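Noted in TrEMBL for the protein shown:
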| type | residues | note |
| --- | --- | --- |
| DOMAIN | 11-137 | domain 'Glycosyltransferase 2-like' |
| DOMAIN | 186-235 | domain 'Galactosyltransferase C-terminal' |
Amino acid sequence: MRTLPEAPDLSVVIPTYNRSHHLRTTLEHLARQHMSPDRFEVVVVDDGSTDDSFDVCHAFQSVLPLRYAYQPDLGFRASAARNRGARSATAPILVFLDTGSLPGPGFLDAHLAAHADGPAGGHAVAGYAYGYRPYDPTPDLAELLVTEGGAAGVVDRYGHDPRFFDWRHEHLAALDFDPDRHPLPWIFYWSMNCSVRRTDFFRVGGFTESFPGWGSEDMEIGLRLIRHGIKIKFSRSAWVVEAPHDRDVEGNLASLFVNLDHFLDLHRDPLGELTWATFRQNELWPVADAYRELTEWRQAARGLDVSGEIADAIRAAGPVRPGRVAVVGAGQRLPADLPDAELIEFDETIQPDLERGRHRFHHAIGLRTALPSASMDTVVLTARLHGLWDRWGRHLLDEAHRIAATVQVSPALRALPGAPRRQPVA
């Protein structure tokens, strides 16, 4: 067994589950690193495998500074496995790698260099993933990994072929591979290949273990890193090749939708709603455009007073019980005779008078609220939603009808060309 280094520069954390063949290939590529094994350690956390994953790890302990940990199979617990590996790690920088992600020979050197070349406050690093194209797989990649002698040979020969590019490539290239130029840099932070300082990882709480399945847990920690002031840097030099493997695309999508509900529970704010609504349409990249639209409209609508139309809508609705009305796009000023209400407003700079707790305030758009179904008598959708209506009108109507039988829509919204009527959202 190889002696573990006393003070490694990097700890590589790999969660695994019943994929011993891919685990072996990943460890083989780590054994080919230019970096001396005295400078890094590998922590494999087994999420309850029943195959020969333990034997694979044991075999590599003679060539790699590797420790193995096992946790019982209690369902999909990749986040818990990563957190356990991070707790076991001793290096100041954590590198997260998926089973089946095959690192190039300069992978660890590149991650370390990316952390050295940055702001004093530090940053997290997302690395490139050749061949990660879940909806458009690279042709013959499994065979190429054999004939070209592994990841390095394939990248040397095919690294400029767009069919081999990382799924994020086009969007990152438009930013000169600088996520900081994107309004939502955390959407590029994927756990198949990323790194972060150990202190920052634990400062934000690590990976959220309450996600019940696959999908979005890596971007969610990326969002928390950003909100703690930790920027995300992208490294093309710290690359891996994603080895082909069978994917349960339908099952993964079903799991993602469940996880998105939890993502929204964790981030009850406009950005959380936009992420939830966009990703549920099986789209990732449009969330940036949606966020830009929200930002621009928020500024344009800042002085828009809708207190008069709220009063008119409440009168038109007839008797409304206190606590059974919700106003979406509430604004700053409220009518004096407004019954106790749930006030939903997307502009975080606006804090309406809650009249000593009579009203409850939600910083949200109204695409998916925390209010229970049929919990309101009336929902009022105001003109403050005007600039969001073209993209989100049907979603706003659908949510309003979920929580109330009666929905009062601002005349300004009804007058918009092609204004949506009540339709279910898929």
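Cβ atoms are placed via backbone N, Cα and C, with glycine included.
Fair warning: this is a prediction, and the values are worked out from it, not measured in the lab.
Computed over the domain 'Galactosyltransferase C-terminal' (186-235), the whole-number mean pLDDT of the model equals 96.
Residues in the domain 'Glycosyltransferase 2-like' (11-137) partition by DSSP class (helix H, G, I; strand E, B; coil) as 43 helix, 34 strand, 50 coil. The helix, strand and coil residue counts that DSSP assigns across the domain 'Galactosyltransferase C-terminal' (186-235) are 20 helix, 10 strand, 20 coil.
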